[in-house]
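Asks: This is the structure, below, for whatever I ask next.
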């Protein structure tokens, strides 16, 4: 039994390896594509239609492409230094470039980001099952629509059942490659969600019931220029996959296939995000919620329409249940490394594994019940830790150039990415603070 080197977010210490780590662990490229895509097509997709309301259709499309391009660039940075250096982990790369401070900074960012993302997943699942009454409007969940409002259809109880009987068994799997089938199903459910939304939007357009679209921002109705930047953290959060790059790469039969897997996943996600954003905005217009799923509680004038609304919500809730274990994998590894830096978590240490799993799951459940609005989580994570993990840290590794392998083009790109990340985050934070003060 061996373990990968100490690092962060990219270790596979629970993986039994019989060959050298750099030779791969026998995983397939299709499994890597599904796992990467599953990590990206998570909760972020539900808030993308709300960004279309702010940006308009055309700018939203270009922002999706821009963020996707920068994600490809920064993942390539990580993979290049992984191939050239001594480390096989994201945290190891940070340690090589910036010492212990770098690896700890990454660990903290990964923990905050993944905890927030997993809380968001449970919030959305709770919205689907038990409704949402934030922002002054009440939306019923599927359980409440079917059985009425009871204690056992409440958010706290319905989410608890999902945590105990769905999440916990999946989190008991110690190899991330063991989740490839669940990841494949989750991607199919995401595609089903997109197809049904598209069909509903086209049908509504045929009947003249769709909402009027804004192709560009509408500054005449209260939208400020700085407010446009608050949408970028949402897109950034939706494309986050960096923390899963190394554990997935470690299990590939040929680690060199990772670049192809990432690019295919990005193309798939760009198509899914734009389709969901466009058709979701077309369906609900300015009434779109931060979590689009709650808009599907609308009363339909036909049995088929009601059934489609329920299928859309439940299919995506199941999708998030299957995404949850992939995101939890790197969270569990990073928390363990922070508290036990000299004692890697081995597959044989069952008690420690399950204790850590249960403690994290309990904390995530408590956060999902206490904070029912996902927009605040997206804004906080997208402007802080997500920007660091996705853009600032990989670009800093290139600029530090510990192995003297960075080209001039890569350094220029790294500077542009950092300017993009810091600039958009600063403006978004300023806009959020200004909005908060104005509303008080």
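Any Cβ shown, glycine's included, is placed from N, Cα and C.
In TrEMBL, annotation is done automatically, which means it is predicted and not curated.
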Asks: For the transmembrane segment entry in TrEMBL, name the matching range from 24-48, 149-173.
Replies: 149-173
Asks: Should the transmembrane segment (149-173) and the transmembrane segment (412-438) be scored as in contact, given a threshold of at least 3 Cβ pairs under 8 Å and pairs 6 or more apart?
Replies: no
Asks: Go through the chain and flag residues at least 6 beyond the ends of the transmembrane segment (311-331) whose CB is under 8 A from any CB in it; none is fine as an answer.
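Replies: Residues packing against the transmembrane segment (311-331) from afar: 9-10, 35, 38-39, 41-43, 46, 110-111, 114-115, 117-118, 121, 124-125, 128-129, 142, 162, 166-167, 170-171, 173, 176, 179, 182-183, 185-186, 189-190, 192-193, 196-197, 200, 243-244, 247, 293, 296-297, 357, 360-361.
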Asks: Would the transmembrane segment (104-129) and the transmembrane segment (266-284) count as touching if the test is at least 3 Cβ pairs under 8 Å, pairs 6 or more apart?
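Replies: Counting Cβ pairs under 8 Å (6 or more apart in sequence), the transmembrane segment (104-129) does not reach the transmembrane segment (266-284), since there are fewer than 3.
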Asks: For the transmembrane segment (58-79), give me same-chain residues lying six or more residues beyond its boundaries with a C-beta closer than 8 angstroms to one of its C-beta atoms, as numbers and ranges.
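Replies: Residues 48, 51-52, 90, 93, 215-217, 228, 231-232, 235-236, 239, 241-242, 245-246, 249, 258-259, 262-263, 266, 269-270, 273-274, 277, 390-391, 394-395, 397-398, 410, 413-414, 417, 420 contact the transmembrane segment (58-79) from elsewhere in the chain.
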